[in-house]
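As recorded in Swiss-Prot:
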- G10, 12-15, R35, 38-39, 54-55, 75-76, R78, M87, C109, H132, 153-154: NADP(+) binding site (BINDING)
- S42: phosphoserine (MOD_RES)
- S82: phosphoserine (MOD_RES)
- C109: active site, S-nitroso-cysteine intermediate (ACT_SITE)
- C188: active site, S-nitroso-cysteine intermediate (ACT_SITE)
Amino acid sequence: MAVKKIAIFGATGQTGLTTLAQAVQAGYEVTVLVRDSSRLPSEGPRPAHVVVGDVLQAADVDKTVAGQDAVIVLLGTRNDLSPTTVMSEGARNIVAAMKAHGVDKVVACTSAFLLWDPTKVPPRLQAVTDDHIRMHKVLRESGLKYVAVMPPHIGDQPLTGAYTVTLDGRGPSRVISKHDLGHFMLRCLTTDEYDGHSTYPSHQYQ
């Protein structure tokens, strides 16, 4: 079944905004859950439906997931590196809502640190990485069709669409542009080749 209706969680983050814009431009009917709708762009591609609420509130998540064909998860903590459970608790609510509404495809972004030796994670990023690990475990054990996207450093280079995707390991470059990352998140909706895999998108930008 072709995916037409999608929910995006984390649509107002750096990667979320470009993923949202690309999704609308590609013809998807997009629903977003946002705490503050003023963080959505006032111009350019707009989501079809905006739910104002919190990923930590199960009812808000349920309302966002109802009627969708697939879910994209780009939850983050912005620049807050303190200990958190927002991403993993949010993922629990998303999984519960997906199961309740018969939605079985989820593409979620964590980070390449999950592919590394855990002892090599920079100490200041350890707390956020710990919650990424918890979120990944929730999704991996959910029984859903889950694509784990584990990008390296997210840059601001223009969209190329020419990135490399490495399965279950690290690739040739240590960077992916946020635009290419968004492009890849959407590409995962059109194929089952990445289901059940950890994916590392990267590109050698000029």
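Positions of Cβ are set from backbone N, Cα and C atoms, glycine also.
A map of Swiss-Prot features onto the structure.
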residue	record	DSSP class
G10	NADP(+) binding site	coil
S38	NADP(+) binding site	helix
V55	NADP(+) binding site	coil
R78	NADP(+) binding site	coil
C109	active site, S-nitroso-cysteine intermediate	strand
H132	NADP(+) binding site	helix
C188	active site, S-nitroso-cysteine intermediate	helix
Counting Cβ atoms within 10 Å of each Cβ, the densest environment among the binding-site residues R78, H132 belongs to H132
By CA distance, which of the recorded positions (S42, C109, C188) lies nearest to H132 (NADP(+) binding site)? C109
Just going by other Cβ atoms within 10 Å, which of the recorded positions V55, C109, C188 has the emptiest spot? V55
Whole-number Å distance between the CA of S82 (phosphoserine) and the CA of G10 (NADP(+) binding site)? 18
Out of S42, C109, C188, which of these recorded positions is nearest G10 (NADP(+) binding site) by C-alpha distance? C109
Cα of V55 (NADP(+) binding site) to Cα of S42 (phosphoserine): how many Å, rounded? 23
Find the shortest Cα-Cα separation between Q14 (NADP(+) binding site) and the recorded positions S42, C109, C188, and name the residue that gives it. C109
What are the non-local neighbours of S42 (phosphoserine), defined as same-chain residues 6+ apart in sequence with CB under 8 A from its CB? none
Do me a favour and check the Cα-Cα span between S38 (NADP(+) binding site) and C109 (active site, S-nitroso-cysteine intermediate); whole Å is fine. 24
About how far apart, in whole Å, are the alpha carbons (Cα) of C109 (active site, S-nitroso-cysteine intermediate) and C188 (active site, S-nitroso-cysteine intermediate)? 12
Whole-number Å only: compute the distance from the Cα of R78 (NADP(+) binding site) to the Cα of C188 (active site, S-nitroso-cysteine intermediate). 24
